[in-house]
Amino acid sequence: MDETALRALIQRIIKEELDPDRIPIGVSNHHIHLTEADFNTLFPNQKMTVLKPLKQPKEFASKQTVDIVGPKGTIKHVRVLGPCRAHSQVEIARSEALNIGVPAPIRLSGHLDGAPSVKLVTPDGEVTVQGVIIAKRHIHMSNEDAKRFGVKLGDTVSVEVQSQDRRTIYNDVICRPREDFVLEMHIDTDEANAANVDGNTFGKIVKA
C-alpha cells in the first residue's frame, strides 16, 4: 500500500471511530427470562448468581442454565438472564425453532400473546412456559440518543450493518429509547452470521 492510500485508510478509520451516530451491534444468543416462581421450581434453594453484567443497566447473565425441550429436539444449557421478570420468556433463533419443532413468532420482548410453549428442564425441576419468541431486531438507546436520531419509542428504521465483506441493511428495526439505556442494536445469531458480524461491528441508521 502506497503512502497516499495508507493515509486515506487512516483518515477513514479515524472518521468512523469518531462518528457519534454509529451504533454498536450486539449479538443476542438464545436465552431465558424467568419469573421468581419458575426460577424457584427449576432451581430450588438457590439464588440467581451473577456470571457477568450485560451492557444494559441492572441486567446480567446468570450462572444458571436450563434445557429447552420442544416436540422435535432439545437446546441444552441455555443461559438464564437476570433479574427475574413478571413473565417467563424464551428467546431463540429461527434455525433453533425449526430444529426443536416450535413455531416461534418474531416479537418484541414481552409481547407473548399466542406464543407457543416449551418445557424447561433442570436436574432439579421442570416447568412449561408459554412464551417462546424470536426476538425482533431493535435498538436500545437513551432519550438523548433518540433526540439525536430524530426517533421515538416504537419507530421503525433501517440500519446498515457495517461488517467486513458483507455490509447488510436490516429493515424493520424497532427503536426502544429509555433514559438509562445504553446505545446498542440487538440482532440474533442467525442474523449476525448472515451479515458476518463480530464483536466489533457497528451500524448506522440509513432511513428513519
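Using the three backbone atoms N, Cα and C, a Cβ is placed for every residue, glycine included.
Note that the coordinates shown come from a computational prediction; the quantities given were computed from them, not determined experimentally.
Per Swiss-Prot, the feature CoA binding site maps to Val27, Ser28, Asn29, Lys72, Arg79, Asn193; the stated evidence is similarity to another entry. In three-state terms derived from DSSP, Asn29 (CoA binding site) belongs to neither a helical nor a strand segment and is classed as coil. Asn29 (CoA binding site) is surrounded by 13 other CB atoms, counting those within 10 A of its CB over all protein chains shown.
Sequence annotations record features per position, and here Swiss-Prot assigns Zn(2+) 1 binding site to His31, His33, Glu91. Neighbour density for Glu91 (Zn(2+) 1 binding site): within 10 A of its CB lie 23 other CB atoms from the protein chains shown.
What Swiss-Prot lists as phosphate binding site is Arg85. Neighbour count (other Cβ atoms within 10 Å of the Cβ, all protein chains): 16 for Arg85 (phosphate binding site).
With a 10 A radius on its CB, His186 (Zn(2+) 2 binding site) counts 23 other CB atoms from all the protein chains. Summarising the annotation, Swiss-Prot assigns Zn(2+) 2 binding site to His138, His140, His186.
Taking the binding-site residues His33, Arg79, His140 in turn, the residue surrounded by the fewest other Cβ atoms inside 10 Å of its Cβ turns out to be Arg79. When Cα-Cα distances from His31 (Zn(2+) 1 binding site) are compared across the binding-site residues Arg79, Arg85, His186, the shortest belongs to Arg79. Between the listed binding-site residues, namely His31, Lys72, His138, the fewest other CB atoms within 10 angstroms of a CB are found at Lys72. Listed in sequence order, the binding-site residues from Arg85, Glu91, His138, His140, His186 having a Cα within 10 Å of the Cα of Val27 (CoA binding site) are His186. For His140 (Zn(2+) 2 binding site), the nearest neighbour among the listed binding-site residues (Ser28, Arg85, Glu91, Asn193), judged by C-alpha distance, is Ser28.
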